[in-house]
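Novice: When I checked TrEMBL for this same protein, it listed these features:
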BINDING   Thr126, Asp200, Glu225, Lys255, Asp259  substrate binding site
BINDING   Gly291, Glu292, Val293, Gly294, Lys295, Gly296, Glu312, Asn415  NAD(+) binding site
COMPBIAS  35-54  compositional bias 'Low complexity'
DOMAIN    260-421  domain 'S-adenosyl-L-homocysteine hydrolase NAD binding'
REGION    1-72  region 'Disordered'
Amino acid sequence: KNRGSSFPARIQFANQEDKQEFSKFPTKTGRRSLSRSISQSSTDSYSSAASYTDSSDDETSPREKTQVNSKGSSDFCVKNIKQAEFGRREIEIAEQDMSALISLRKRAQGEKPLAGAKVVGCTHITAQTAVLIETLVALGAQCRWTACNIYSTQNEVAAALAEIGVAVFAWKGESEDDFWWCIDRCVNTEGWQANMILDDGGDLTHWVYKKYPSVFKKVQGIVEESVTGVHRLYQLSKAGKLCVPAMNVNDSVTKQKFDNLYCCRESILDGLKRTTDVMFGGKQVVVCGYGEVGKGCCSALKALGAIVCVTEIDPICALQACMDGFKVVKLNEVVRHMDMVITCTGNKNVVTREQLDRMKNGCIVCNMGHSNTEIDVASLRTPELTWERVRSQVDHIIWPDGKRVILLAEGRLLNLSCSTVPSFVLSITATTQALALIELYNAPEGRYRQDVYLLPKKMDEYVASLHLPNFDAHLTELSDEQAKYMGLNKNGPFKPNYYRYQHHSTQSE
């Protein structure tokens, strides 16, 4: 099976049995880049075009079923524990691309730096996060886990984790009530109290604050990996309500570069091809925003021969775009000539109804930024416009004169809804999370106060060095004399904290 391919939805099955057999093989739709969850963190809808995992399952809610794993434990709640074997295969495939976590396991397995750690986690439950969870277990932690998004769980992976004894409460397609019930079951359990929190989106942290504030007496730290969750932590900190140290993994250098720049450079094309089969050569494209995400999108589109222009509010980013060979324009000046409009600003109302009215027939509009507020989609839900769902995540919006605009994923994150995120990128995020947990759990008293911290640069460098063997890359070592001349320690950190690893997209190719 081609990894991450989406099967055509029109496969005919000779009989029901074939269909059931087929449905056991999970497809990899609906991964998402883990850093992006502002304004949609837990209820954003995933593309289900190619997900056959549940088609033949019964409709009973997992909460009403009693299941046990082969060791006789029933401290979990997943869709179907019998899918564990398929989940195990998925996890093994993901491990191939996540060698850094595996080598971290090997290096630290002896000393078990997380012995005694009781981690309660709330992330996407996919084959890649399973590799992280199993790494934490191998390093000595006990884990209870739940999903940070009601659509993103791979049921067979949740089953595989439940089978090895992780208390998992998650299934694909939870209701909002299920979502909070699962979080509650993770935190509130007899004779077990968490001392570390790993969160994506801040919902778990929020629930503990609201319902079980006493848990924070035991908790040694929170590790948070999304923009939204980090924002919530800074708000708590400002209000003086943060009562434990927290580690902001979202803004570590390795994660930012990989998740935002390198990942979007690949997934923008992936998402557009899967949804529209568009050809890029010679197309007129405007990319709104030239931050990390915008740079990644522009360099990929340019490489395929698209004619790309950029909109930007910041003179520095605008100058970078000019030096990279992109014309910097105002959206109003070019909107009527464009074949594609792509937003990646993180702002709101970047594309307005008035601009949508002026687009030409067949223009493709999509969002790669954090939030689903960039394109004013609400303004399109008016009686004079007709919405036509063409396929999963693709709507044609038809004006009275017959003009059509093609809107992808209803303006939500394109690479989250319509494509997958490479395991290698998630490996960087997951390794960073594991090191942040180890750092907070083992830190001597007083090193971290009740505040939000960035991962120390030394750790960032370590994450990067763990990934170099993938490329058979060999680092040069400083001589004593050189180190002294530069005023550096031979083993790093090699850059001051204020150093920004800038690059221009044209040079990074």
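Here the Cβ of each residue, glycine as well, is placed from N, Cα and C on the backbone.
Locate each feature and note its surroundings.
Specialist: Cβ neighbours within 10 Å of Val293 (NAD(+) binding site), excluding its own Cβ and spanning all shown chains: 29.
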Novice: Have a look at the binding-site residues (Lys255, Lys295) and report the one with the fewest Cβ neighbours inside 10 Å.
Specialist: Lys255
Novice: Distance between Gly296 (NAD(+) binding site) and Asp259 (substrate binding site) at the Cα atoms, whole Å?
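Specialist: That separation, Cα to Cα, works out to 10 Å.
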Novice: Can you count the other CB atoms that lie within 10 A of the CB of Asp200 (substrate binding site)?
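Specialist: For Asp200 (substrate binding site), the 10 Å Cβ neighbour count is 29.
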Novice: Per 10 Å Cβ neighbour count, which of the binding-site residues Glu225, Asp259, Glu292 ranks highest?
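Specialist: Selected residue: Glu225.
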Novice: Just how many other Cβ atoms lie inside 10 Å of the Cβ on Gly294 (NAD(+) binding site)?
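Specialist: Total other Cβ atoms inside 10 Å, all chains included: 30.
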Novice: Asn415 (NAD(+) binding site) to Lys255 (substrate binding site): how many Å between their Cα atoms?
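Specialist: The Cα atom of Asn415 (NAD(+) binding site) is 17 Å away from the Cα atom of Lys255 (substrate binding site).
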